[in-house]
Every structure is written in C-alpha cells, then in structure tokens.
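Straight from Swiss-Prot, the features:
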- C11, C27, C30: Zn(2+) binding site (BINDING)
Amino acid sequence: MVEAIYRCAKCGREVKIDLSVTRDLRCPYCGSKILYKPRPKVPRRVKAI
C-alpha cells in the first residue's frame, strides 16, 4: 500500500491517493488531472561557500 498526498491545482483540496490500487491521478472532487506534491513545511539550510 503506497499512499501519497497531493494538492489539486483547480480546487486546492488535499487528496490522499493509493498508488498501488490506481495509476489514474485525478482529483475525486473536481476531476482535474493537475496535482502537485506539497512541499514540506521545514525550511532547508544550505551552507554558502
């Protein structure tokens, strides 16, 4: 069971999709095919040279 969280570009809702069951990525609320992976809220620190 591989579950991933995506954000719909059209309606803005967060959607949990089980990738082991389906390969069709669509928003179940509005039917949009454009989904984004949300970025983590933790800021990254990059060491400057």
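Glycine is treated like the rest: Cβ placed from N, Cα and C.
Overlay of Swiss-Prot feature records on the structure.
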| residue | record | Cβ neighbours (10 Å) |
| --- | --- | --- |
| C11 | Zn(2+) binding site | 12 |
| C27 | Zn(2+) binding site | 20 |
| C30 | Zn(2+) binding site | 12 |
I need the neighbours of the Zn(2+) site defined by C11, C27, C30. Which other residues of that chain put their C-beta within 8 angstroms of the C-beta centroid, in sequence order?
C8, K10, G12, R13, P28, Y29, G31, S32
